[in-house]
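Visitor: One structure is given below, represented as structure tokens, and several questions about it will come after.
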Amino acid sequence: MQFIDQANIILKAGKGGNGIVSFRREKFVPAGGPSGGNGGKGGSIIIIADNNLQTLLDFKFNREIFAKDGFKGGPNKRSGASGENTILKVPCGTEIRDFNTGIILGDLTEDKQSLTIAHGGRGGHGNAYYLSNQNRAPESFTEGKEGEIWEVQLELKLLAEVGIIGLPNAGKSTLISVLSSARPKIANYPFTTLIPNLGVVRKADGNGCLFADIPGLISGAAEGVGLGHDFLRHIQRTKILIHLIDSIAENPIRDFEIIEKELKRYGSGLLNKERIVVLNKMELVDENYLQTITKKLENLSKKKVLVISSSLRKGLSPLLSEVWKRI
């Protein structure tokens, strides 16, 4: 499935129904009073969060969305029916912004949480509304009001509690696959992961925690190089970041610094998030070299560095223990 995590759409609520001019003309009431009913309210557009959705793909080609108009009033003071509301379902974690001003209109983080964006127009008045002592036979009516029009930007930010970050080929996909039931595409070349992978990791008590393998970040990601902005946004909601470093990379220290620099440049408090620094692929390097790199990383990060092998499933228990302590 294609992953779409941002969409710009135009929402147009329904117009209110018109009021009508009508007079009672019953057999025994030859000169009855005004009886024109009011028009119905136009339909509104309501956005609802749905736990079963994981992408904004539905809006890739459907960029203009309408609600139904209200119906005109009827005789005998009957009001017109309201226009049907249009319901848009989005994944939990969808933020809604005014496209023109950037103002956040809503942030739907829980299942079934809803937000009415475009309100339907009010129905017009029929002539019965204008009856008064001064005017016993009014012929006035009003048309329904136009519905609201909004241009909005939908932006999905994953609701994972733990984000796994690192340069391409650091082993993020392998790690999430062995920790959870996720089955991401894995290969020995950079940029295998083009969309965030999600996996539920179970604690001993059976409760689950959602992990996200954030696609490989590169230098310049904070300025949008590669798909930097698209991927960094998904880190914002996480509670903890696992910074995974490839021990067989040409320069693991430089790799660590690249990601830290991008977190700082992107802002939004990313650099202040809890981070666990992890050196991966321990089985592929000499023990002395591993100790040297570990010590350098600890001095640089001011944190204890964990050493693991995702493919051999070594060092994973201490890693998860650190995660559970921080959530």
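Including glycine, each Cβ sits where the backbone N, Cα and C put it.
Annotation source Swiss-Prot lists ATP binding site at 166-173, 191-195, 213-216, 280-283, 309-311. Residues annotated as Mg(2+) binding site in Swiss-Prot, with sequence analysis given as evidence: Ser173, Thr193. Residues annotated as domain 'Obg' in Swiss-Prot, with sequence analysis given as evidence: 1-159. Summarising the annotation, Swiss-Prot assigns domain 'OBG-type G' to 160-327 and lists sequence analysis as the type of evidence.
So that I understand the layout, could you describe where these features sit and how close they are to other parts?
Guide: Classification of Lys172 (ATP binding site) by DSSP places it within a helix. The local packing around Lys172 (ATP binding site), expressed as other Cβ atoms within 10 Å of its Cβ over all shown chains, amounts to 30.
Mean pLDDT for the domain 'Obg' (1-159) in this predicted model: 92.
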Visitor: In angstrom units, rounded to an integer, how far apart are the Cα atoms of Ser309 (ATP binding site) and Ser173 (Mg(2+) binding site)?
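Guide: Their Cα atoms are separated by 13 Å.
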Visitor: Rounded to a whole angstrom, what is the C-alpha distance between Ser173 (Mg(2+) binding site) and Pro215 (ATP binding site)?
Guide: 9
